[in-house]
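Here's the structure we're looking at; comments come further down.
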Amino acid sequence: MALSELYTKYNRVWIPDAEHVWKSAEILKDYTSGSNYLEVQLEDGTELKYALDTANGQLPPLRNPDILVGENDLTALSYLHEPAVLHNLKVRFVESRIIYTYCGIILVAINPYKQLPLYGDAIIHAYSGQNMGDMDPHIFAVAEEAYKQMARKNKNQSIIVSGESGAGKTVSARYTMRYFATVSKSGSKAHVEDKVLASNPITEAIGNAKTTRNDNSSRFGKYTEISFDKSYQIIGANMRTYLLEKSRVVFQSENERNYHIFYQLCSSVDDPEFKNLRLLTADKFVYTSMGGRTDIDSVDDKADMMETRRTFSLLGRSRSPDFQIDVFRVLAGILHLGNIEIRASSDYHLGVFCELLDVSAEDVSRWLCQRRIVLVAETVVKPVPQKRAINARDALAKHIYAHLFDYIIHKINTVLQFPGKQHTFIGVLDIYGFETFEVNSFEQFCINYANEKLQQQFNLHVFKLEQEEYMKEDIPWTLIDFYDNQPVIDLIEAKMGILDLLDEECLFPQGTDQNWLQKLYNNYLDKNALFEKPRMSNQAFLIQHFADKVEYQCKGFLEKNRDILPEELVEIMRVSKFHLLSDFFQEEELGLTLNRGIKVRPARPSVKPANKQLRTTVGNKFRSSLYLLMETLNATTPHYVRCIKPNDEKLPFEYDSKRVVQQLRACGVLETIHISAQSYPSRWTYIEFYSRYSILMSQAELGLNDKKQTCKTVLQRLIQDSNQYKFGRTKIFFRAGQVAYLEKLRSDRLRGACITIQKHVRGWSQHRKFLQMRAAAIIIQQYVPGPYQAWLQTVTAENLKRAWAAVVIQRYVRGHLVRQVYQLVKVATVTIQSHTRGWLARKRFRQVETVCCCDIIITAEVSGFVCPSNHRAIETHYQTQRENFEREVQSLKFQIEHIQNENSQLQKLFQEENDVNDAIRQEVARLTTENMMNLSMGILYSLSCPLLEGLKPRGVVVNMIPGLIAHILFMCIRHADYINDEGKIKSLMRAIIDSIKKVVKTHQEDFDMLSFWLSNTYQMLNCLKQYSGEEDFMKYNTPRQNKNCLQNFDLSEYRQIISDVAIHIYHQFVTIMEKALMPLIVPGMLEHESLQGISSMKPTGFRKRSTSIYEDTEACTISSILQQLSHFHSTMMQHGMDIGLIKQAVKQQFFLVGAASLNGILLRKDMCSCRKGMQIRCNISYLEEWLKEKDLQSSSAIDTMEPLSQAAWLLQVNKSTDEDAQQIAKMCTELSPVQIVKILNSYTPIDDFEKRVSPSFVRKVQDRVGSGAGSAQLMLDTQYRYQVIFPFVPSPQALELIQVPSSLKLNFLTRI
């Protein structure tokens, strides 16, 4: 379908607007080819005829369907263009309060200017191990993708964070480093991760400053290389810096500040240890008071100073305490240097400066005000003008600070060095974005030059990824036209380019900015389309960068590029007795700014100027470092973060479309959109397409078993032009606009179905009303047989009374008659039942009587009687038998008396035998006591050695009573107590505890073994209580059990130790269950759709990284979770675990399921829909049924899922009126205010008829729920553990009746 055919009535378009950049409008009349205008209506109701550009055939951009607005990935939009990107970001940022959005491989991060609960450790762990795109966009997702690719491919990675000042680059880079430090934490005592993070406060203190756009603006570029070992744990780091803004040391514009470290130092003016520095407050130093205000709202410089000093110590500098003092001496010296006045008399600050830096005051004073000129025959010293002397002072301050900055970076790198060789690294580049101001000078030129290089690298990488995706899906690759900025790069860096001409002009002593500018005009004006001359100025030039056209003022270019300090001042600093300062100015290059990076060979070697002065220019140094940076980035896999500043007033969640679109054009986001839009930007899997558009399929197509082929058949029928889509191996690729067309077809089908349903329902309703009216009319007609007048005569009061009386009489008469009939039927029924039951009873009696008679006759015949009817003979026979039995009883009684007498005699003999063998019995007892310890240790060893492992508790437990091992061990303890040997009982208890610990440690990943030993350890604890002899426990025993209580020793101390061991086993036991359950929770509880026919799937079209690996695993369902829970339950029951302990374990697992599911909802916008809420509540009901089936309702496990249940309810409830807001505040008591607001902001309609939650409604709910306790908590802590309790449960087993199964192979045990 051609794109122009979509310009039909009711469709919406974007038209340009001066204030809002783009405005939405609805088409009022179908567009016809050749028309000069388009009739549209704006959202405010204004109708207008929008003029079309007929020459180029340009139509206004179409607006995406509302169902696609708010997508996580901008490339998933059907129409890919600037207004679509701008609107999607606005909806997510303003309405949904979402600051992160993907744009293909870019993460767009909009600065909210507000602290958000998005960066806790719980969220770090939630993103750890997840594939990119499985969860909502986040800086942690990019960091995880980089970490995962490094681990999988053993390839170095880079994260490039860019954006203009105030966009949040520094914070984003800090969070990526924090993520790596958390997920890759090593077990070493060096705490390398903490040191890597500690470098941030120091670098921010010495390299960040307040500007008009940002309170914490980085005034230098930084590439931090985090090194990992083969286990992918951090072992060290290295930092490179680029283009420090040295001019800020000596000059700040209004409402700006110098570097933070100066204000932190001035805030410590009253500290005794800084007394020798002779500090003043910041408003009394020239270098810190130029911008006006010296403080920043909500910033405590003194507290920051303490943090800076703490991090200095954390980095290991505490071993050299003079280091910090030396740094502060140099900083104080720079402040005093700025206060030096060029005048005839002496200066106080000059003396302090020279004293602090240990240099000659006379020499400094002389060479600040004079200049030495070396001629052929002589050397001339001449004074310089005051302005030039001030420039020399400021140049000295800038050089000292630059050297100090490089020195501190070098020291940080030294501390973060590591022995050996790194395995891989991840680099984090925090660099300035494209800049354009009212006045742009040398710094902006270098910054924009660096961004041109980065943009070129970015374009090539995006192009490469597009090609890889096509090849992966077996789709023919077609060339894509994209912007190549190589010409502007050549204009800047090529031979005889702008930088070369600048360096050449710097060689001439009398070279000026104007001469250099004239050379540029001569070489490039009218010869290079990218270079222009401003119409109204001869002091500037224009360059057309990839982002925008920038005008540069030539004033100051040569001075900043030379960056020259008078040689006389250098010599003074070089001979200083302050070694830190003298080292700064040594002639040999110390290489402090060079870092131990990877060795790379440039693709094309740069031209190395022969002149030493050229090699030391700022421009040349910057170009060389940029070459090294680009080679490093090209040797790694890059990941991109583009930070956006939403407004210049730093207002939270305020969106200025003008400012945003400027940055989108400058940072490459729109270029990504442009590349994507030229190919097939929308990419859906076959399953997504089938689920979404099955409504457009016929019954025959739905009946096909091959869903992939079904999708192909349907698509070929719906879109005739095969060039508008391509079929890949796993995805369908659509050109721009085709998804919107399919959505239109789907909406039309749903609208038609709704109309059909409404038609039939209304018809049925009207037909029903008609039938009721027809029946009423018939009844009325029955009472109107004659004409109207005759009927009117019959309707009188008397006739109505008679009719009513007749009805009453009829009612009573009919009731009386019915009751009479009922009574007659009742009497008849009872009579029939009585006769029938009597007849049956008599019949049964006769049958029994007949059987008895037959038995008697048969018995008589067998006994020899001839006549069966001789009853007297039978009686005589029975009498004889009775007498014989009585005689036998008498005989047996006599025999019993005889046996009792013999037994008495035997007992006497046995007693005599016992007396004789008493010594033997005592010897046996002694030997038993000596060997009891060895036997007990043998038992424990047999339980912990491979012998018991071979038995497998799962198999042998069938033949064992619950806690048999615990009972056997306790009987050994009881015997040691019986013989009253304290040493033996202590040794035995220690051996038992140590052996249990050893078994658990050896099998800490074996769920069966942990369950087995948890059950027995718990039973052991109960035995020690039950037989302790304490009255609180003895009252539960039988008299026989109380005889087995301990008599000599109090083992309460060991009870506590064994309780601690049981707690340790329980926690390890729960950890194993959590590891098994965790991968099943989100797929089973959230992604799986238990309710058939109610699909909550909304295809996103998100293109996951082609480099990510996705294993084809079986889909997890709620049944998978239930099966796992059933496995846990059956194992615990099999091992005889107490039901109270089972309930606690089940409750812990249900909490994990609820917490992980809720966290998934909070971090996945695609899970926040009404239909998903229905699916979740259905899954919760399955879990509740499982509890009932296992008789575990009293465990309170289902109560732990109340937050999840309330979240599911919140997704389903109406969200529009004040009453709805009040109901939400009343019902969602288990959710924190932050969680409620997050769910409401993330709510995503699945269909067009659903409405988004308005920001005004969210504010209503927010006002009602308030900000009570826990309001800042977004994620639930899945690591939380309920306190385990071991209640006393006495065992009913009698110790003397316990039998040891032969399967345990404990034949060495002897019952005593």
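One-based numbering along the chain as shown.
The backbone N, Cα and C atoms fix where each Cβ goes, and this holds for glycine too.
Quick look at what TrEMBL annotates:
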BINDING   GLY163, GLU164, SER165, GLY166, ALA167, GLY168, LYS169, THR170  ATP binding site
COILED    882-930  coiled coil
DOMAIN    8-60  domain 'Myosin N-terminal SH3-like'
DOMAIN    69-747  domain 'Myosin motor'
DOMAIN    990-1267  domain 'Dilute'
REGION    626-648  region 'Actin-binding'
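Beyond the ends of the region 'Actin-binding' (626-648), by six or more residues, the same chain brings 89, 93, 103, 105-113, 139, 142, 145-146, 149, 153, 155-169, 172, 176, 213, 223, 240, 242, 427, 429, 433, 449-450, 453-454, 457-458, 461, 597-598, 600-603, 606, 654-656, 659-660, 663-664, 667-669, 1107 to within a C-beta distance below 8 angstroms of the stretch.
Taking the Cβ of GLU164 (ATP binding site) as centre and 10 Å as the limit, one finds 23 other Cβ atoms among all the protein chains shown. Within the same chain, residues at least 6 positions away in sequence whose Cβ sits under 8 Å from that of LYS169 (ATP binding site) are VAL161, SER162, GLY163, SER218, ASP430, ILE431, TYR432, GLY433, CYS643. Taking the binding-site residues SER165, THR170 in turn and counting surrounding C-beta atoms within 10 angstroms, the largest count is reached at THR170. A Cβ within 8 Å of the Cβ centre of GLY163, GLU164, SER165, GLY166, ALA167, GLY168, LYS169, THR170, the residues given for ATP, is found for these other residues of the same chain: ASN111, ASN214, SER217, SER218, GLY433, CYS643, LYS645. Here the binding-site residues are GLY163, GLY168; the one with the fewest Cβ atoms within 10 Å of its Cβ is GLY168. Sequence-distant neighbours of ALA167 (ATP binding site) (same chain, 6+ apart, CB under 8 A from its CB) are ALA109, ASN111, GLY433, CYS643, ILE644, LYS645, GLN663.
Counting residues of the region 'Actin-binding' (626-648) by DSSP class, helix then strand then coil, yields 9 helix, 8 strand, 6 coil. Taking H, G and I as helix, E and B as strand and the rest as coil, DSSP gives the domain 'Myosin N-terminal SH3-like' (8-60) the counts 0 helix, 26 strand, 27 coil. Of all Cβ atoms in the protein chains displayed, 21 besides its own lie within 10 Å of the Cβ of GLY166 (ATP binding site).
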